[in-house]
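Copied from TrEMBL, the annotated features are:
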BINDING   75, 76, 77, 338, 340, 341  Mg(2+) binding site
REGION    49-70  region 'Disordered'
REGION    234-260  region 'Disordered'
């Protein structure tokens, strides 16, 4: 049985290593990364780890090894997740102003971490207003619709750990995750994506024996509640418009609905995942890209992370000899697209289930931010209930 503290550490460290290794391929935006390329990068990491192990007896050799070894840098995914963790720990709950300030200060300290352009505007607006309305700038983006990107989901794992420690039910988890996401991403798809990722991490933390069907059933049940709520809210909003704005609102809604008809909902994608996981033949990467998506939107990336975690419980070409955590990360990266974020989200889920023991030591040593992740995980685990 994997201990709860091991799962907490595995989740946050899993997110970091997924981010750091996945970042090698970020920006290529290929509809898939050849798995041999990913394995070559992993081989470099493990070879360096082997050299490091052999030099443990000689402190001079060990110091030299550390200086010469390549360290894989984390991106905005980890930078923002660290801020979520630190704020929840220090405030023992959600303090929106404190968290918004941490996001912004982290960005201005290290703006080169790969932040998206619109979120940078958000941080500038927050700083200029002295964080008087932490939710205000995000609400105004994209003509008031808000961003539907995966920025909320990519950083949400610490919130899932916090909710688990505090024994929060689904309602309380929603009340925590929604505002954390809405500090930067207010579109319903972004919020739902962050909730899906947090639900997956939370469930993985509590699952002793993984049954993919039951895992998907649980996620589908909760996501249907969220999607039905979003549809109902949208209709109520349109009904409240005055007559002058009604036509414009209806046209925008009709345009959005027409666009949405070409997209599967989260629930529909979860059902596709169920089919893909059950298939004896590994689905083609191109099909995964087309059906689940691997881009920067929440709807087209969070399902891919859930899928990578579940598919890694089965045989995967070229990586049969790897443990399930390693398979999750390698396979998530091989799907292409937003490689660092998808691998980070998949790593958070996988680490929450398999625990820190399944995250290779060589990977941990090669990735920036792992020590901090271990520290935050321990602190979250030690919070009072």
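Heads up, the Cβ atoms here are built off N, Cα and C, so glycines get one too.
Note that TrEMBL annotation is computational and uncurated.
Annotated features, which come from TrEMBL, shown on the structure.
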| residue | record | CB count, 10 Å |
| --- | --- | --- |
| 75 | Mg(2+) binding site | 21 |
| 76 | Mg(2+) binding site | 26 |
| 77 | Mg(2+) binding site | 31 |
| 338 | Mg(2+) binding site | 28 |
| 340 | Mg(2+) binding site | 26 |
| 341 | Mg(2+) binding site | 34 |
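What surrounds the Mg(2+) site, by Cβ distance within 8 Å of the Cβ centroid and not counting 75, 76, 77, 338, 340, 341, is the set 19, 22, 23, 26, 78, 114, 154, 344 from the same chain.
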